[in-house]
Amino acid sequence: MTKQKVAIPSFKDMKKEGKKIRMVTAYDYHTAALVDQADIEMILVGDSLAMVMLGYDSTVGVTMEDMIHHIKPVVKGAPNTIIIGDMPFGSYNVSCEQAVINATRLMKEGGCDCIKLEGGLAVADKVEAIVKAGIPVIGHIGLTPQTSSQLGGFKVQGKNIEDAKRIVEEAKALEKAGAFMVVIECVPSAIGKLISGSIGIPTIGIGAGPDCDGQVLVTHDMMGMYGKFTPKFVKKYANLSEIIINAFNQYSEEVQSGSFPDEKYSFGMKEEILKKLY
Ligand code: KIV
């Protein structure tokens, strides 16, 4: 049976029925097309593209133009998967008006189905404004990479009682503001469980334990294609870097030795024409 795009309101039903929601990232047509053939309901065109596609040290430098440039081919490649456009740093913090204008650009110019932005209480007014403009919104709390310097780096969040309570309040504020889902990053599993049981909208964990309503991983991390840093919460399902490097080296040796291209990969010519040629 062909995969069907899940309607956004149905994610709440999946939570109620205890059916886990599966999300991965993609930033190009080819990867999106592969995800579209797998049992994965959602693709996040994350601002993580800064690091895994563009080689930046953080997500801060990504622009609206970068995001739109990468969302478009993903939308083309995965017509049967919900596509989330990530709002880049600085594109929604100034005012509700700025947030609505940029969320609208991701939808109109990129063609995604919904948007994600980082932050809880501080962005609840922006979430409300974007939802009122007719755009489905996903929140993102816990470790928020765009503001990681403010959080003291890429660290587990919510380890003391004040922070733990604040993160739970942020999730509730996002639900109240109209978000239809919330990503929870890098918190103790107990917080993932507490939030998932405290709000009616689905939670998607990334380093937030097994009790979230779904999970997300960065594709380059899970496929072993990004070697700079691997967080504890990443399980590597493949080691594509090794496979690709081995293939490049085999090609290199065969070109050097002359064993590639052999007859199988070369074009022949009719004998009579060949005779005239030499
Ligand atoms: O940008 C991204 O890939 C993300 C995930 C880490 C959730 O926000």
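Using the three backbone atoms N, Cα and C, a Cβ is placed for every residue, glycine included.
Please treat TrEMBL annotations as automatic predictions, because they have not gone through curation.
A strand conformation is recorded for Glu185 (active site, proton acceptor) in the three-state DSSP classification. The active site, proton acceptor annotation in TrEMBL covers Glu185.
Counting every protein chain shown, the number of other Cβ atoms lying within 10 Å of the Cβ of Glu118 (Mg(2+) binding site) is 25. Annotation source TrEMBL lists Mg(2+) binding site at Asp47, Asp86, Glu118.
Long-range Cβ neighbours of Lys116 (3-methyl-2-oxobutanoate binding site) (same chain, at least 6 residues apart, Cβ-Cβ under 8 Å): Leu44, Gly46, Ile84, Gly85, Asp86, Met87, Val137, Ile138, Gly139, His140, Val183. TrEMBL lists Asp47, Ser48, Asp86, Lys116 with the feature 3-methyl-2-oxobutanoate binding site.
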For Ser48 (3-methyl-2-oxobutanoate binding site), list the number of other Cβ atoms lying within 10 Å of its Cβ atom. 20
Please work out the number of neighbouring Cβ atoms within 10 Å of the Cβ of Asp86 (Mg(2+) binding site), leaving out its own Cβ. 28
All chains considered, the count of other Cβ atoms within 10 Å of the Cβ of Asp47 (Mg(2+) binding site) is 29
Given the recorded Mg(2+) site (Asp47, Asp86, Glu118), which additional residues of the same chain have their Cβ within 8 Å of the Cβ centre, ordered by sequence? Gly46, Ser48, Thr59, Val62, Met87, Pro88, Phe89, Lys116, Leu117, His140, Pro145, Gln146
In whole Å, note down how far the CA of Glu185 (active site, proton acceptor) lies from the CA of Asp47 (Mg(2+) binding site). 14
